[in-house]
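In what follows, a structure is listed as structure tokens, so that the remarks can point back to it.
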Amino acid sequence: MVRVRIPATSANLGPGFDCLGMALSLYNVVQIEAADSFQIALKGDYTAGIPGDETNLVWQSMCNLWEAIGFEIPTVSLELENNIPPTRGMGSSSAAIVGGLVAANEYAGGVLSKQQILQIANRIEGHPDNVAPALLGGVTLAVTAEASVIARTVHSQPQFMALAIVPDFYLSTEKSRNVLPASISRADAVYNLSRTALLVEALIHENYELLKEGMQDRLHQNQRASLVPGLGETLQVALDSGAYGSALSGSGPTILALVSSHRAEQVSQAMVDSLAAHGLTAKAYLLSVDSEGAAVI
């Protein structure tokens, strides 16, 4: 039997569109063991809409890895514990992919390194800023160069908490991507480039007072505001209530605030109240940055 724990992730971190992501201490668990017949058992907080057959993304990812290494696809039973909210911008798809790949690799004898698994994960997912932190942990920088991914950990365990405010509605990545413009101005490109550099500096050297400016964005948050009522106001409310920085998590609708532990409660309540004023109910998760990434447990 093999069990793997996979963290949630927050991608597009601040200005780091499609390149910066963060692993969070909210986990899905994949368990695989030999069986007489194929079956999938689902458990956890979020099971609705998760396929319990061979179309399941965890299983498809497993088969992808086994085929890549020439390992005969076995007859197994899977137990999938789903605690990451799906279609909310917290990396549920990446967790399924990475969890399936890591579990399949371990089941086959651990023949691939994490860097090799990362390449397969990116080919399946297409967004390295989600799969890299899910696999490696911490805050990661990931870029695609000539069809391969280069990923490095910017900081494995920053000394702040991550407050994820999760509105009670689904938002698909495809719908959220469709509102983005085909091109941007030079001014907006420079704005994001400079703040991405500032964000990396703030994280590496733990200069958290720089996060307020370092997490500002012009490439996707304003464009997606129409899909998340109260987004702009809630991002500002987080800062006004004492957060170091705030951003849309992934493609949304989850909103992320980086906070000190002693300010977490007041920031959380202010953000939930802000969304409520726009007719949305939301659940707050107070999380730490996961430093390990996907792990066999």
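Here the Cβ of each residue, glycine as well, is placed from N, Cα and C on the backbone.
Features reported for this protein in Swiss-Prot:
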BINDING   PRO85, PRO86, THR87, ARG88, GLY89, MET90, GLY91, SER92, SER93, SER94, ALA95  ATP binding site
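A map of Swiss-Prot features onto the structure.
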{"residue": "PRO85", "record": "ATP binding site", "contacts (Cβ under 8 Å, 6+ apart)": "ASP45, TYR46, SER92, VAL166, THR254, LYS283"}
{"residue": "THR87", "record": "ATP binding site", "contacts (Cβ under 8 Å, 6+ apart)": "TYR170, LEU171, SER172, THR173"}
{"residue": "GLY89", "record": "ATP binding site", "contacts (Cβ under 8 Å, 6+ apart)": "SER10, ALA11, LEU171, SER176, LEU248, SER249, GLY250, SER251, GLY252, PRO253, THR254"}
{"residue": "GLY91", "record": "ATP binding site", "contacts (Cβ under 8 Å, 6+ apart)": "PRO7, ALA8, THR9, SER10, ALA11, GLY21, ILE84, ASN130, PRO133, ALA134, GLY250"}
{"residue": "SER93", "record": "ATP binding site", "contacts (Cβ under 8 Å, 6+ apart)": "LEU57, PRO86, GLU125, ASN130, THR173"}
{"residue": "ALA95", "record": "ATP binding site", "contacts (Cβ under 8 Å, 6+ apart)": "ILE6, PRO7, ALA8, THR9, ASN28, ILE84, ALA134"}
Cβ-centroid neighbourhood (8 Å) of the ATP site, PRO85, PRO86, THR87, ARG88, GLY89, MET90, GLY91, SER92, SER93, SER94, ALA95 excluded: ALA8, THR9, ILE84, GLY250
THR87 (ATP binding site): secondary structure state under DSSP, collapsed to three categories: coil
